[in-house]
Amino acid sequence: MADPEGTNGAGMGCTGWFEVEAVIERRTGDNISEDEDETADDSGTDLLEFIDDSMENSIQADTEAARALFNIQEGEDDLNAVCALKRKFAACSQSAAEDVVDRAANPCRTSINKNKECTYRKRKIDELEDSGYGNTEVETQQMVQQVESQNGDTNLNDLESSGVGDDSEVSCETNVDSCENVTLQEISNVLHSSNTKANILYKFKEAYGISFMELVRPFKSDKTSCTDWCITGYGISPSVAESLKVLIKQHSLYTHLQCLTCDRGIIILLLIRFRCSKNRLTVAKLMSNLLSIPETCMVIEPPKLRSQTCALYWFRTAMSNISDVQGTTPEWIDRLTVLQHSFNDNIFDLSEMVQWAYDNELTDDSDIAYYYAQLADSNSNAAAFLKSNSQAKIVKDCGIMCRHYKKAEKRKMSIGQWIQSRCEKTNDGGNWRPIVQLLRYQNIEFTAFLGAFKKFLKGIPKKSCMLICGPANTGKSYFGMSLIQFLKGCVISCVNSKSHFWLQPLSDAKIGMIDDVTPISWTYIDDYMRNALDGNEISIDVKHRALVQLKCPPLLLTSNTNAGTDSRWPYLHSRLTVFEFKNPFPFDENGNPVYAINDENWKSFFSRTWCKLDLIEEEDKENHGGNISTFKCSAGENTRSLRS
């Protein structure tokens, strides 16, 4: 049997009854106080001041209402600030603000629509247009939750706790429209400030019917210089746009100006060629002063120079009445719009490029590619070269052919013809006396030097190797290098003597030089190069070819050791013609050499000593020195008609 509820130890003799002893506080006959007198009359005088009707309560209520309204206004201001900073959340923030105000004005609807809130919010987010940036939906949803949790719930709790009646609800309803208006204005300001370029491009396409970016080639760097620029400006006064036609003349060689109206004034399109190259920063500063608009209201890019469509646009609009054109039309527009140029640009002639490289004496592939590309504006063949997808192969083939032609031409010439060709390519105005004065300063007889130099140039056996020796800083290398530079000879170094190909440059040279020959190098020459010093036929190992047999060109050597008298190399004594430079090379007070030796001075020297050096050959006497013919590797154009 279950224990009786509320008892402990049932069945222990408890019958359920207990005795209570009364506590007596007042006995019969004691005086009764007025507060406990039940027989006294109740007149109600003691409740007169029970309700306080003073002004303090009304003031406190008004204060609480004001605080509630201030809290609502603070929430609206915070929401507007968030909308202004984050433009892509503007639509979502606006709906959140409406929900906050609606829930604040109608607290009863909050609990009813609480279950439908998540579904409705997700549908609103899905309907938003993507701005093109990543994670838009996730960030927007987070923004809505933050707005509701920070503003909506706080405002709702404040309204419920404040106890404000219908007046508070009316004030909330009247602020809904103002909140929406402020939000739209902030959104407009954000669009104009944060995405100005996109807004300008949109207005440009709306006004001109063509995308601005289709006419230009964007530059990433603001420091890149260019002479031609394409500019569009937005929000320009009509009077300023009209005055631009006159103000821009002093800065430009060519201008193409179009002006159309839009909702914020005039929007212009300007194609301009400046008198000198300018970068984007300089152009923006100049146009900002001329148009009286900030630099952010302009888009500045260089035009497309190889687009035929863009060139046709500028060509056609230049003939219409909406354009104001001044100056000479740029050559790239003419090249892309004239029919003959279009035909020529599609045809590339390698022989013409080889002829150009030959005439300009360019044999290095890098120089050929760089300088020929610069001719694209004036040479149709160079423009076709730039359009080719095989530029590297073309440059390589051009360099190879040019080097072959130059090598064959040099082999064909005698030493006299080669010196004559070098003199023709050197400017006049030189003086031969510094060379003679330097030889006399080093105590060298000019007549003896001239006789040895004559045999040296002709390559007479045992006389085709000249040694200039002496102490350091006497001008040995200065004298020898100046001669090699004038005659376009080759310089070989003994540091490469362990290579099989270190003598390869001698196969293409009319004269060679080994500078600063050391005792180790003299030993190598004595062991392996005696026949080379003789001027006889030698065999040279050349890359990618079989051994080449050729006559060694004259060799000019400089050294601090006189191998012509040193007993360590007795077999070189008869093979070397030795001249000693004993005196230090003189300099003036400014550090310039007293005896200046350059190409012009060597030209004057050979001109004065031409006969003494016996450089005139029989063919030169018959043809009066005009035996060198002009080389042509490209086919000439026949300008004669078929009937002639």
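Including glycine, each Cβ sits where the backbone N, Cα and C put it.
Annotated in Swiss-Prot:
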- 179-345: region 'DNA-binding region' (REGION)
- 312-644: region 'Required for E2 binding' (REGION)
- 444-594: domain 'SF3 helicase' (DOMAIN)
- Gly470, Pro471, Ala472, Asn473, Thr474, Gly475, Lys476, Ser477: ATP binding site (BINDING)
- Lys551: SUMO cross-link (CROSSLNK)
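The average pLDDT computed over the domain 'SF3 helicase' (444-594) stands at 91.
Residue density at Ala472 (ATP binding site): 8 other Cβ atoms are found within 10 A of its Cβ, drawing on all protein chains shown. The CA atom of Thr474 (ATP binding site) is located 32 Å away from the CA atom of Lys551 (SUMO cross-link).
Within 8 Å of the Cβ centroid of the ATP site, not counting the listed residues Gly470, Pro471, Ala472, Asn473, Thr474, Gly475, Lys476, Ser477, the chain contributes Asn560, Phe581, Pro584, Phe585. In the three-state DSSP reading, Gly470 (ATP binding site) counts as coil. Around Gly475 (ATP binding site), the same-chain residues six or more apart in sequence whose CB sits under 8 Å from its CB are Leu438, Gln442, Phe581, Phe585, Pro593, Tyr595, listed in sequence order. Cβ neighbours of Lys476 (ATP binding site) (same chain, under 8 Å, six or more residues apart in sequence): Ile468, Cys469, Gly470, Thr558, Ser559, Phe581. Local packing around the binding-site residues Asn473, Thr474 was summarised as the count of other Cβ atoms within 10 Å of each Cβ; on this measure the leading residue is Thr474. Following the DSSP three-state reduction, the secondary structure of Gly475 (ATP binding site) is coil.
Note on Gly470 (ATP binding site): other Cβ atoms within 10 Å of its Cβ, all shown chains, come to 21. Counting every protein chain shown, 15 other Cβ atoms lie within 10 Å of the Cβ of Ser477 (ATP binding site). Around Pro471 (ATP binding site), taking its Cβ as the centre, 12 other Cβ atoms fall within 10 Å, counting all chains.
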